[in-house]
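Undergrad: Have a look at the structure that comes next, please.
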Amino acid sequence: MSFSVDVLANIAIELQRGIGHQDRFQRLITTLRQVLECDASALLRYDSRQFIPLAIDGLAKDVLGRRFALEGHPRLEAIARAGDVVRFPADSELPDPYDGLIPGQESLKVHACVGLPLFAGQNLIGALTLDGMQPDQFDVFSDEELRLIAALAAGALSNALLIEQLESQNMLPGEAAPFEAVKQTQMIGLSPGMTQLKKEIEIVAASDLNVLISGETGTGKELVAKAIHEASPRAVNPLVYLNCAALPESVAESELFGHVKGAFTGAISNRSGKFEMADNGTLFLDEIGELSLALQAKLLRVLQYGDIQRVGDDRSLRVDVRVLAATNRDLREEVLAGRFRADLFHRLSVFPLSVPPLRERGDDVILLAGYFCEQCRLRLGLSRVVLSAGARNLLQHYNFPGNVRELEHAIHRAVVLARATRSGDEVILEAQHFAFPEVTLPPPEVAAVPVVKQNLREATEAFQRETIRQALAQNHHNWAACARMLETDVANLHRLAKRLGLKD
């Protein structure tokens with residue numbers, strides 16, 4: 001089989017038709033799955049010896065949240081090392097990273113696998129993976145044809161990463177540094193709330209404004225602070241962390257501003273405070289609402305004038321520090337109650353950010369669950385950790401009052417429980433492995449029984465027609481995948497579809 005000009009043109013058109021990088025990537029993957037008639041396809045970005053999924057088709061949704069470290073996935077490592085098309089034989093002993101992650105085929109292992117490394121110049125920037133359940137599924141495509149596909153994908157990914165790099169550095173195209181993948185803290189989530197938060201982080205990171213990050217406990221406020229710092233001009237300098245809630249009143253001032261020898265009992269030497277440590281960098285003050293009013297006044301002075309005084313010292317030190325503060329309280333209410341200074345609140349909240357709770361993030365819970373499953377797999381040396389359909393359903397309907405932190409702990413506990421009840425190094429998480437309070441799941445949809453107005457032959461054909469339509473919709477009109485889903489021969493399916501008027 002060879003690709004026609006029309007097929008390649010269609011792929012190129014789909015890449016241009018999308019609105020934004022994510023949409024283009026998804027169109028590419030969906031189109032490739034249809035053209036190649038494979039069971040699953042994925043576009044991965046390479047960063048720091050791991051592959052990060054950008055778009056998937058035919059795979060469980062939690063794959064988008066997983067981070068595939070090369071040392072834990074020998075097939076992906078082989079793709080990263082190769083400079084060309086990689087075809088894995090059906091009897092390869094190397095485990096496939098997507099085993100158990102193809103919906104409807106969880107109990108089966110991938111038999112056909114092709115990896116296409118993607119390059120920008122000499123730099124590896126990503127990979128395309130194509131998977132099928134039939135051993136010889138991709139034999140009809142030559143390496144040259146697959147290289148054409150890889151070239152189109154590499155061009156799209158390279159352009160997206162270059163634009164991202166230029167935007168993060170606030171550079172014009174003519175001023176671009178040599179290409180390299182942009183490294184930043186991974187913030188997992190595609191929900192509208194997280195998409196908006198990421199945009200706001202990109203905007204404020206390039207400035208030097210103070211930022212107030214608000215959100216419930218466990219939502220990931222520290223991760224937001226790291227993302228801001230890493231995307232800012234101060235990224236080459238330290239990010240210093242201080243939990244204000246853990247500061248005893250007796251040492252809080254010393255922790256913030258430092259002290260000199262003899263300033264108080266136990267001060268046996270000079271000591272720098274967090275502001276000095278963060279000079280030319282960023283200071284993250286977690287739980288800022290827990291600071292006493294006296295310390296709030298001293299913090300305000302630093303923000304106003306940029307100088308500090310060590311405890312016991314009359315001299316002032318100039319510091320250049322960007323302050324990121326976080327709180328799980330409503331500081332406006334705290335100001336009205338007299339527990340937080342209004343002037344400090346306004347100094348800190350020049351650019352406020354709000355981190356949405358997990359219950360408002362929709363399918364992000366599944367992406368995050370995939371991320372934590374992969375972490376557990378590596379930590380415990382397992383070959384795979386996957387979520388059953390029942391577990392996914394439970395996670396999507398639980399409220400998560402403890403937010404992302406609660407989800408992380410729940411996944412870790414479930415993996416340990418599932419591992420204890422199953423021999424081998426493969427773990428499938430079921431709903432019973434999660435110790436959540438009672439969750440009311442939506443009842444399964446029951447189709448209404450229609451009044452019979454057809455003879456048996458007409459009713460049978462109507463049922464067959466609707467079943468094929470649904471299977472085609474679920475498989476993006478991929479006839480080969482549809483045939484496998486319906487457990488019939490693809491040639492017989494084509495003949496039946498023609499008889500039923502579904503094909504010309």
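In case you wondered, yes, glycine gets a Cβ from its N, Cα and C as well.
So Swiss-Prot lists the following for this protein:
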DNA_BIND  479-498  DNA-binding region
BINDING   215-222, 278-287  ATP binding site
DOMAIN    187-416  domain 'Sigma-54 factor interaction'
MOD_RES   Asp57  4-aspartylphosphate
Undergrad: According to DSSP, how is the DNA-binding region (479-498) divided among helix, strand and coil residues?
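TA: In the DNA-binding region (479-498), the DSSP-based counts are 17 helix, 0 strand, 3 coil.
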Undergrad: By the DSSP assignment reduced to helix, strand and coil, which category contains Thr282 (ATP binding site)?
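TA: DSSP assigns Thr282 (ATP binding site) to strand.
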Undergrad: Are there any residues at least 6 positions away along the chain from Thr282 (ATP binding site) with a Cβ closer than 8 Å to its Cβ? List them or say none.
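TA: Looking at Cβ-Cβ distances below 8 Å from Thr282 (ATP binding site), excluding near sequence neighbours, one finds Ala225, Ile228, His229, Ser232, Arg234, Asn237, Pro238, Leu239, Val240, Val321, Arg322, Val323, Leu324.
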Undergrad: Measuring Cα to Cα, how far is Asp279 (ATP binding site) from Asp57 (4-aspartylphosphate) in Å?
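TA: Distance between the two Cα atoms comes out at 47 Å.
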Undergrad: I'm trying to understand the geometry here, so how far is the Cα atom of Gly215 (ATP binding site) from the Cα atom of Asp57 (4-aspartylphosphate), in Å to the nearest whole number?
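TA: Here the two Cα atoms are 33 Å apart.
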Undergrad: Counting other Cβ atoms within 10 Å of each residue's Cβ, which of the recorded positions Asp57, Asp279 comes out lowest?
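TA: Minimum Cβ neighbour count within 10 Å, taken over the recorded positions Asp57, Asp279, occurs at Asp279.
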Undergrad: Measure from the CA atom of the residue listed as '4-aspartylphosphate' to the CA atom of Lys221 (ATP binding site) and give the result in Å, rounded to a whole number.
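TA: It is 31 Å, counting Cα to Cα.
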Undergrad: Can you tell me how many other Cβ atoms are located within 10 Å of the Cβ belonging to Lys221 (ATP binding site)?
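TA: If we count other Cβ atoms within 10 Å of Lys221 (ATP binding site), we arrive at 24.
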